[in-house]
Amino acid sequence: MIEVLLVTICLAVFPYQGSSIILESGNVNDYEVVYPRKVSALPKGAVQPKYEDAMQYEFKVNGEAVVLHLEKNKGLFSEDYSETHYSPDGREITTYPSVEDHCYYHGRIHNDADSTASISACDGLKGYFKLQGETYPIEPLELSDSEAHAVFKYENVEKEDEAPKMCGVTQNWESDESIKKASQLYLTPEQQRFPQRYIKLAIVVDHGMYTKYSSNFKKIRKRVHQMVSNINEMCRPLNIAITLALLDVWSEKDFITVQADAPTTAGLFGDWRERVLLKKKNHDHAQLLTDTNFARNTIGWAYVGRMCDEKYSVAVVKDHSSKVFMVAVTMTHELGHNLGMEHDDKDKCKCDTCIMSAVISDKQSKLFSDCSKDYYQTFLTNDNPQCILNAPLRTDTVSTPVSGNEFLEAGEECDCGSPENPCCDAATCKLRPGAQCAEGLCCDQCRFKKKRTICRRARGDNPDDRCTGQSADCPRNGLYG
């Protein structure tokens with residue numbers, strides 16, 4: 001029996017509430033500052049895992065104490081998850097990073113049945129939690145004190161622009177009848193829970209978005225992982241497990257002509273997916289993230305009810321906000337179309353800000369309306385898409401692994417990975433001239449850190465871990481030689 005580790009974190013509210021600050025999510029006008037303090041239940045001297053399977057946070061919001069329970073989202077990545085980028089001469093470089101010990105969690109607030117949470121613990125705490133109907137983002141503050149975090153409400157983030165943002169799918173008003181019919185169906189509690197379904201997701205990042213983030217592969221990877229974690233959390237009430245199967249970044253050029261007309265781009269992307277992407281690895285649904293400004297304030301487009309179709313199980317989404325959550329809502333919205341959902345009708349669905357609203361809101365909900373659930377249930381009943389019946393397997397891969405599994409193999413001096421890595425040549429897996437290392441807690445700018453440099457702060461009664469000066473690895477329990 002595997003024991004679940006329970007970790008308690010106390011978040012002490014800083015003595016003041018900030019009035020305005022620029023965060024990764026944008027300019028926030030009102031926020032609270034909190035300090036995570038970790039208290040581990042591990043026995044004295046035990047090795048601390050990098051990311052625990054389960055955690056518990058205690059903190060205050062608006063003066064009220066809450067308890068946040070988190071569990072690692074163990075199904076977030078497929079077993080053969082891969083990342084692809086391209087060399088300047090056009091060669092495809094595919095890596096298979098180890099993602100088992102990842103840092104993405106989902107959870108809930110104690111004694112709040114409607115609460116949810118989606119948190120990244122990669123570098124501090126970043127994500128959101130829903131408490132008493134309100135959604136609160138949390139993210140680290142870039143201060144000298146690295147433990148400081150901000151908690152705020154989405155409506156306190158200044159708008160990035162005043163133009164309305166909307167889905168480009170044209171409402172099929174004749175489909176209102178299907179809502180009525182679906183709504184008239186009596187669903188037992190068992191049916192309302194929805195059968196378990198699994199969607200293997202492929203994310204493609206176009207060249208415009210790649211350059212938008214300074215051609216920084218790691219930054220894009222982190223952003224996409226956070227998006228998929230959020231999508232997974234939003235789909236949980238439908239009993240859908242989202243698994244990221246592959247990330248393909250067009251680092252040198254676009255492989256289709258990304259046009260201002262979103263449906264045209266979706267058609268081109270669907271053709272490319274059928275011809276190229278599906279031959280690399282099997283997956284159920286693919287989305288293209290782009291920095292292209294679509295016409296008519298469109299931020300996303302997808303085919304309705306075409307999940308599992310080799311050409312039409314696709315969507316195109318503009319990376320329209322600095323807020324990861326807002327883009328993730330759009331991606332979930334377009335996924336909803338592929339699962340048979342139409343836009344919410346204001347008169348019938350009683351939810352102006354739910355996921356399938358045609359226009360995105362500053363107070364965007366992370367919930368599917370009853371109408372969306374009826375559409376989805378009808379789609380499952382009538383179409384019964386086969387590709388989402390089974391959990392992802394290793395046999396879903398149809399290509400040969402290349403490199404980049406975060407382990408050094410025979411002939412490798414460093415693990416092939418991001419093309420912008422200044423220390424490791426991604427094409428040869430060799431250290432670049434003058435480099436001692438490519439990654440590790442004791443590696444800084446391709447050189448070993450000095451002996452006795454702290455690389456991991458003490459926890460409990462354990463001493464600080466310090467670098468040896470001879471390796472990029474950070475030894476445990478203060479053994480630095």
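Yeah, the Cβs are placed from backbone N, Cα and C, and that goes for glycine too.
Database features, via Swiss-Prot:
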type	residues	note
ACT_SITE	E334	active site
BINDING	R296, N297, T298, I299, S357	L-amino acid tripeptide binding site
BINDING	H333, H337, H343	Zn(2+) binding site
DISULFID	C308-C387	disulfide bond
DISULFID	C349-C371	disulfide bond
DISULFID	C351-C354	disulfide bond
DISULFID	C414-C429	disulfide bond
DISULFID	C416-C424	disulfide bond
DISULFID	C423-C446	disulfide bond
DISULFID	C437-C443	disulfide bond
DISULFID	C442-C467	disulfide bond
DISULFID	C455-C474	disulfide bond
DOMAIN	197-392	domain 'Peptidase M12B'
DOMAIN	400-481	domain 'Disintegrin'
MOD_RES	E190	pyrrolidone carboxylic acid (Glu)
SIGNAL	1-20	signal peptide
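Sitting within 8 Å of the Cβ centre of H333, H337, H343, and not among those site residues for Zn(2+), are the Cβ atoms of C167, V169, G300, A302, V304, E334, G336, M341, E342, I355, M356, A358. Comparing C387 (disulfide bond) with H337 (Zn(2+) binding site), their Cα atoms are 16 Å apart once rounded.
Here the binding-site residues are N297, T298, S357, and the one whose Cβ sees the fewest other Cβ atoms within 10 Å is N297. Under the three-state DSSP scheme, C455 (disulfide bond) falls in the strand class. Around C437 (disulfide bond), taking its Cβ as the centre, 21 other Cβ atoms fall within 10 Å, counting all chains. In sequence order, the recorded positions near C414 (disulfide bond) (Cα within 10 Å of its Cα) are C423, drawn from R296, N297, T298, C423, C467. On the 0 to 100 pLDDT scale, the domain 'Disintegrin' (400-481) averages 71 in the predicted structure.
C424 (disulfide bond) sits 37 Å from I299 (L-amino acid tripeptide binding site), counting Cα to Cα. Here N297 (L-amino acid tripeptide binding site) is positioned 45 angstrom away from C443 (disulfide bond), judged by their C-alpha atoms. By the criterion of other Cβ atoms within 10 Å of the residue's own Cβ, the least surrounded of the binding-site residues R296, H337, H343 is R296. Residue density at H333 (Zn(2+) binding site): 28 other Cβ atoms are found within 10 A of its Cβ, drawing on all protein chains shown.
Using Cα positions, the member of the recorded positions T298, C308, C442, C446, C474 nearest to H343 (Zn(2+) binding site) is identified as T298.
Taken residue by residue with DSSP, N297 (L-amino acid tripeptide binding site) is part of a helix.
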